[in-house]
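Novice: Input: one structure, supplied below.
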Amino acid sequence: RNLQPTLTYWSVFFSFGLCIAFLGPTLLDLRCQTQSSLSQITWVFFSQQFCLLLGSCLGGVFKRTLAQSLFALFASSLAISLVFAIIPLCHNVVVLAVVMAVAGLAMGCIDTISNMQLVKIYQKDSAIFLQALHFFVGFGALLSPLIADPFLSDTNCILSNSTANASSNLPHIRKSLVPHHPGNLSHYDLPMKGMVVTRVSYAFWIMALINLPVPIAVFFLLYKERMVPCFNSSSHPLLSADELAMETRPTEKDDLSTAVQRPHAAGGHDDLFSCCQSKNFRGASYTYFAVHITGALVLFMTDGIVGEYSGFIYSYAVEEPLSVVHKVAGYLPSLFWGFITLGRLISIPVSYRMKPATMVFINVVGVLVTFLLLLIFSYSVVFLFVGTASLGLFLSSTFPSMLAYTEDILQYKGCATTVLVTGAGIGEMVLQLLVGSIIHDQGSYSFLVCGMIFGGLAFTFYAFLLFFHRMYPKPSSDMGDASPDKPAVMDDTGQYQR
């Protein structure tokens, strides 16, 4: 009965992946299209990342009813198709930044709502479905650069008198423009004015068409649930026996207050601003807050590693002491995302047999060991490729496993999904900026040192999370015996049962 909703949420996350990875390889062509400087085009990255974070915080607003969630997903996935179609028409960098801000808001809503809805549907069985959900992010992120690659300019896409002098630098410049933080490339003298010659518009239109079935799938789900106003018939579908029993049970028990509280308790996921209301803190122990904070800090570090590694691995490889050929080094980001996608695919059956806590432990230890070996064999080009693939595998399932584990601890109450998504988004944005400035000041070797430090911090925060898990109050025994696989509900006063 949950097949269509699950497939729909997975497809929407494919839209998220398409939109998260195309800016890096197309940045030079977009710079030519907008005839802007490299310092100006960096605002496009900032607008997308900042609004993605904002959308993640606000996404919980639309979770209150299924209709609101689906309409938000429909609008967000349709907005991404429209953004792909509009980008070729943006000939001003400010307009392009605004368009990418809209895409960031849509991506943030998709990130929060899809995770929340799958956790609501499957709860203690959600780990395997979350692994599949995040596989589609990797698949979309792997596909969009492949679509764009045939249409990228091999020579200068602005024809001027200085074209001949600048064209030889362009392959290196394109590879150096990282997905979210282009870095310091001001020493490249590229022409600002002239006739724009680029075919990258075709890539965006192809991605818009590829993404178009996603909002259509969400619309069909809305239609099936009879939530489309103009297609909604006067008679609603009959409730199944299970749903009827759930609806009538509070009346039979004559417990009206619990019936009113149940929708909130079952969901247990608010937007970030609702989570911060004081009424949610009454009666909660310190471990309640500690689980939220330590879980968010683990993802702050691991998602930050994903962002900074995919962004700066090329720049690290082409510098001394490795001095990898530019064309060969260009395969490293693709290798990294490819093994993230492969790892998420492998994690689907693995998560069926292995507990989320064990998977997260393997992930953070694997990331730490990989960075340690990368530092030891820092002069080996072969191990750089091996380590990149290994790091992608270990990072691939961290987010969905961490989300499932934290929700299990909190018995699907609190604001774990919203807080974790927000923490991951902040980490990806902040650590990229931090590592970029450190590499600029200290040299390329600091790239691996930063990764080692972030991996160590992720392991430390996870150790604290395990400690607070042991300290967190267990649900009451009678509730656990009656329904061990169902989340605990709040009592009549709205407080958590201890």
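Placed from the backbone N, Cα and C atoms, the Cβ positions cover glycine too.
The transmembrane segment annotation in TrEMBL covers 7-28, 40-62, 69-87, 93-114, 126-147, 202-223, 288-316, 328-346, 358-377, 383-405, 417-439, 445-468. Sequence annotations record features per position, and here TrEMBL assigns region 'Disordered' to 477-498.
I'd like these features described in context: how deep, what's nearby, how far apart.
Specialist: Panel annotation: around the transmembrane segment (7-28), residues 41, 44-45, 48, 73, 76-77, 80-81, 83-84, 100, 103, 106-107, 110-111, 114, 117-118, 132-134, 136-145, 147-149, 152-153, 157, 170, 173-174, 177-180, 182, 200, 203-204, 207, 210-211, 213-214, 217-218, 220-221, 311, 333, 337 of the same chain, lying at least six beyond its termini, place a Cβ under 8 Å from a Cβ of the stretch.
Tertiary neighbourhood of the transmembrane segment (93-114): same-chain residues 9, 12-13, 15-16, 19-20, 23, 30, 34, 36, 40-41, 43-44, 46-60, 62-63, 69, 72-73, 75-77, 79-80, 83, 86-87, 133, 417-418, 421, 425, selected by CB-CB distance under 8 Å and a gap of 6+ residues from either end.
Long-range neighbours of the transmembrane segment (126-147) within the same chain, counting only residues 6 or more positions beyond its ends whose Cβ lies under 8 Å from a Cβ of the stretch, are 6, 9-11, 13-22, 24-25, 114-115, 118-119, 203, 206-207, 210, 334, 337-338, 340-341, 344-345, 347-352, 356, 359, 396-397, 399-401, 403-404, 407.
Sequence-remote contacts of a segment are chain residues at least 6 beyond its ends whose Cβ falls under 8 Å from one of its Cβ atoms, and for the transmembrane segment (202-223) they are 4-5, 7-8, 11-12, 14-15, 18, 22, 26, 67, 70-71, 73-74, 77-78, 80-82, 84-85, 87-88, 143-144, 147-148, 150-152, 231.
Long-range neighbours of the transmembrane segment (288-316) within the same chain, counting only residues 6 or more positions beyond its ends whose Cβ lies under 8 Å from a Cβ of the stretch, are 24, 175-176, 178-181, 183, 281, 322, 329-330, 332-333, 336-337, 340, 360, 363-364, 367, 388, 391, 395, 398-399, 402, 405-406, 409-410, 414-416, 419-420, 422-432, 434-436, 439, 444, 447-448, 450-451, 454-455, 457-458, 461-462, 464-465, 468-469, 471-472, 496.
Long-range contacts of the transmembrane segment (328-346) within its own chain (CB-CB distance under 8 A, at least 6 residues past either end) are made by residues 21, 24, 131-132, 134-135, 137-139, 141-142, 145, 175, 179, 306, 309-310, 313-314, 317-318, 384-385, 388-397, 400.
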Novice: With a cut-off of 8 Å between Cβ atoms, can you find at least three pairs linking the transmembrane segment (358-377) to the transmembrane segment (40-62)? Only pairs 6 or more residues apart in sequence count.
Specialist: no
Novice: Sort out the residues at least 6 away from either end of the transmembrane segment (383-405), same chain, that have Cβ-Cβ distances under 8 Å to it, and list them.
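Specialist: Counting only partners 6 or more residues beyond its ends, the transmembrane segment (383-405) has Cβ contacts under 8 Å with 115, 119, 126-127, 130-131, 133-134, 138, 295, 298-299, 302-303, 305-306, 309, 313, 317, 322, 324, 332, 335-344, 346-347, 350-351, 355-357, 359-360, 362-364, 366-367, 370-371, 373-374, 377, 416-417, 420, 424.
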